[in-house]
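Notes for the one structure printed next.
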Amino acid sequence: MTGPATPGVTARVPAKVNVQLAVGGPRPDGFHDLANVFLAVGLYDEVTATEADELRITCSGPDAAQVPLDRSNLAARAALALAERHGRSAAVHLHIDKDIPVAGGMAGGSADAAGALVACDALWDTRASREELLEICAELGSDVPFSLVGGAALGTGRGERLTPIEVGGTFHWVFAAADGGLSTPAVYCEFDRLCAAEGRTVPAPEASPALLDALRTGDPKALADTMSNDLQPAALSLFPSLADTLRTGSAAGALASLVSGSGPTTAYLAPSAAAAEDIAQTLRTSATCRTIRTTTAPAPGAQLLTAR
Ligand code: ATP
């Protein structure tokens, strides 16, 4: 007879939108310097870690078929990194319940990495410090540290050096996932190509003081007036139909419409929850996108839902 199954540990992790993404020229290491203002939004993946004989990944949710289930999955890489640092086996079953659009510029893979770290740390009782978790996150990818901390933060360097930002209110958002994905490296290549073609010198990226103020005061109109995404022209060049979706959202009452990160998810800042529902409804009937979601920000970072 087998005993009762060991209970798993579940971590819930938010998606993000970049309310400002200022991109510098390419660095010798191929990355770009960024001034990246992250805002965590209330769309979540859940990662459940359960003891197992070997490292195994499973995934459920509407985009599950697009998620790799081998060791290239960022959640698997996170578990392996934590296990290696603590001299233990990474035998664990990680189940990802995926609600964040895949390859949508909302840091879904990064969220899963942060969730796997927090869940494995609790399951294995490795008691990693916050600093250690942040260090592993930065090794795994530029957006992973923010998935751990959530809220709002300015990311500098390649986006991984975080300074928390105070947020003075709740912002209402609509997100439209496009039919198809965009590869983040391809969007950066297109950014470089467009800059070269236009003979543009790319200035050092800097956070907008007016935008940081808008977050601090919680003023949606001021945030809308100051949001920007330097990757948007590159994303639109690779995915031209996004321009129609952005126009539809603006005409439906969005204070501002922009591509989320490297896209192709588009984001709409609404003046109220009711306005967000109206914008979502218009986007749904326009049939230019795959799924439309309304939510609020800021959202907390990676959090355990079940304690052992
Ligand atoms: P970002 O906003 O950080 O640039 P993204 O949201 O555009 O990323 P992701 O959903 O993180 O994109 O996925 C990008 C690619 O990473 C996917 O196409 C997939 O092949 C790979 N990947 C690895 N692990 C995961 C994961 N846990 N979830 C989703 N994709 C993953």
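From the backbone N, Cα and C atoms, a Cβ is placed for every residue, glycine too.
Taken verbatim from TrEMBL:
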ACT_SITE  Lys16  active site
DOMAIN    73-151  domain 'GHMP kinase N-terminal'
BINDING   Pro101, Val102, Ala103, Gly104, Gly105, Met106, Ala107, Gly108, Gly109, Ser110, Ala111  ATP binding site
ACT_SITE  Asp143  active site
DOMAIN    212-284  domain 'GHMP kinase C-terminal'
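Annotated features, which come from TrEMBL, shown on the structure.
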residue : record           : Cβ within 10 Å
Lys16   : active site      : 32
Pro101  : ATP binding site : 26
Ala103  : ATP binding site : 21
Gly105  : ATP binding site : 31
Ala107  : ATP binding site : 31
Gly109  : ATP binding site : 26
Ala111  : ATP binding site : 36
Asp143  : active site      : 28
From recorded positions Pro101, Ala103, Ala107, Asp143, the one whose Cα lies nearest Lys16 (active site):
Ala107
Rounded distance in angstrom between the Cα atoms of Pro101 (ATP binding site) and Asp143 (active site):
15
What average pLDDT is reported by the model for the domain 'GHMP kinase N-terminal' (73-151)?
96
Assigned element (helix, strand, coil) containing Lys16 (active site), judged by DSSP:
strand
Given Lys16, Ala107, Gly109 as the recorded positions, which ones have a Cβ positioned under 6 Å from some atom of ligand 1?
Ala107, Gly109
For the recorded ATP site, whose residues are Pro101, Val102, Ala103, Gly104, Gly105, Met106, Ala107, Gly108, Gly109, Ser110, Ala111, find every other residue on that chain with a C-beta no more than 8 angstroms from the centre of their C-beta atoms, and list them by sequence position.
Ala15, Ile100, Thr265
In angstrom units, rounded to an integer, how far apart are the Cα atoms of Gly109 (ATP binding site) and Asp143 (active site)?
9
Asp143 (active site) and Ala111 (ATP binding site), distance between Cα atoms, whole Å:
8
Residue counts (helix, strand, coil, in that order) that DSSP gives for the domain 'GHMP kinase C-terminal' (212-284):
42 helix, 11 strand, 20 coil
